[in-house]
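Residues annotated as substrate binding site in Swiss-Prot, with sequence analysis given as evidence: ARG21, HIS137, THR358. For GLY112, TYR113, SER183, HIS211, THR239, the entry in Swiss-Prot reads pyridoxal 5'-phosphate binding site, with the evidence type sequence analysis. The feature N6-(pyridoxal phosphate)lysine is assigned by Swiss-Prot to LYS242.
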Amino acid sequence: MHLLDTLTEGLKEIDARGLRRRRRTADTPCAAHMTVDGRAIIGFASNDYLGLAAHPQLIAAIAEGAQRYGAGSGGSHLLGGHSRAHAQLEDDLAEFAGGFVDNARALYFSTGYMANLATLTALAGRGTTLFSDALNHASLIDGARLSRADVQIYPHCDTEALSAMLEASDADVKVIVSDTVFSMDGDIAPLPRLLELAEQHGAWLIVDDAHGFGVLGPQGRGAIAQAALRSPNLISIGTLGKAAGVSGAFVTAHETVIEWLVQRARPYIFTTASVPAAAHAVSASLRIIGGEEGDARRAHLQQLIERTRAMLKATPWLPVDSHTAVQPLIIGANDATLDIAATLDRAGLWVPAIRPPTVPTGTSRLRISLSAAHSQADLDRLEAGLQQLGAKAA
């Protein structure tokens, strides 16, 4: 069989199982109201939790950064590509998100995927046992695999099982890895207990706060700040293309950890540094997130979350008990989930259908992502659409 034939057969199998993914093309900036594939829609698909992606101040900051630093970085961070914008952002991030450890330092990455791979592969290896939550993000899973550590998966948020696994381990180095907010369920990891176990067993606790940074905690400083945790065992990873509205990611930890990443993290060392203008814009975003406007946006978002929770409970399907901006509604079968998403789309509502392998088989769902850019009228539209579909399904 020709190589292309093998791929064609594989794609047919994906189609037969209702699992083909398709990209959609946005013709306008990321916002609550967009033009996608030439049609006006209300979007419930993005991770723009604070509605900052099209904020005029950030657009201006991107332009200012490009004028000041140019279109590209020109090299890796260690070979000419580390600009003043990158350095300033790392200082800003350490101050904003590093309150959980003394002598905090931050390291800026081009993507959250790279930050997760870099951290796990630099800190874990042969002789390390890595304890990973069963529902961790794909980038954490891949980082664990690439680290060559012994990887043990503990049941989702089950700290009793994790405790037993730690007790049974004689590894030289132990690393606990977890999302803070789980991206497909919206629930929050038991961070205080995870840190307690990490300190009890002399382990690192690495948390991916991709969906918590900017939204949770005082001034949006993240899930660790919300839980009021402090420890040199903690390492926090956050993304800057979600609530922050721009792009990139960062790791915050004790300065010694960050210096180790600079020296040993291959995804940091062997890649061109991100566009300096983006770093300049993220610094502007942090000022919004941590200020009065950020507080107001989070308060509005919380109102939307509470209303959506009540709305989903009134449907014939299974809502996940999420108190975050990620509001899943489990439908079950792939085809049924796709049909509901398509019906909502025809009504001008973009609510993505999430299917295996992203979520377990039999738990295909609508993933409703809320943003401070949404209005109550937007939720009126969503509620009406779900009510009509629910009446047909009942």
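Cβ atoms here come from the backbone N, Cα and C positions, even for glycine.
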Between HIS211 (pyridoxal 5'-phosphate binding site) and THR358 (substrate binding site), what is the CA-CA distance rounded to a whole number of Å?
16
Those same-chain residues, other than GLY112, TYR113, SER183, HIS211, THR239, found with Cβ within 8 Å of the centroid of the pyridoxal 5'-phosphate-site Cβ atoms are ASN47, ASN116, HIS137, SER139, ASP208, ALA210, LYS242, ALA249
Could you check which of the recorded positions (GLY112, SER183, THR239, LYS242) sits closest to THR358 (substrate binding site), going Cα to Cα?
SER183
Compile a sequence-ordered list of residues in the same chain as TYR113 (pyridoxal 5'-phosphate binding site), six or more apart from it, whose Cβ lies below 8 A from its Cβ; state 'none' when nothing qualifies.
SER139, ASP142
Would you identify the secondary structure of HIS211 (pyridoxal 5'-phosphate binding site) according to DSSP, in three states?
coil
By a three-class reduction of DSSP, GLY112 (pyridoxal 5'-phosphate binding site) is assigned helix
In terms of Cα spacing, which of the recorded positions SER183, THR239, LYS242 are within 10 angstroms of HIS137 (substrate binding site)?
SER183
Report, as a single number, how many Cβ atoms besides its own are within 10 Å of the Cβ of THR239 (pyridoxal 5'-phosphate binding site).
26
Non-local Cβ contacts of the residue listed as 'N6-(pyridoxal phosphate)lysine' (under 8 Å, 6 or more apart, same chain)?
ASN47, ASP48, TYR49, ALA210, HIS211, PHE213, GLY214
Consider the binding-site residues GLY112, SER183, THR239 and say which one has the Cα lying nearest the Cα of ARG21 (substrate binding site).
SER183
Neighbour count first, Cβ atoms within 10 Å, every protein chain included; then name which of ARG21, HIS137, HIS211 tops the list of binding-site residues.
HIS211
By the DSSP assignment reduced to helix, strand and coil, which category contains THR239 (pyridoxal 5'-phosphate binding site)?
strand
Name the residues of the same chain, 6+ apart in sequence, whose Cβ is under 8 Å from the Cβ of SER183 (pyridoxal 5'-phosphate binding site)?
HIS137, ALA210, HIS211, VAL326
Does DSSP put HIS137 (substrate binding site) in a helix, in a strand, or in coil?
coil
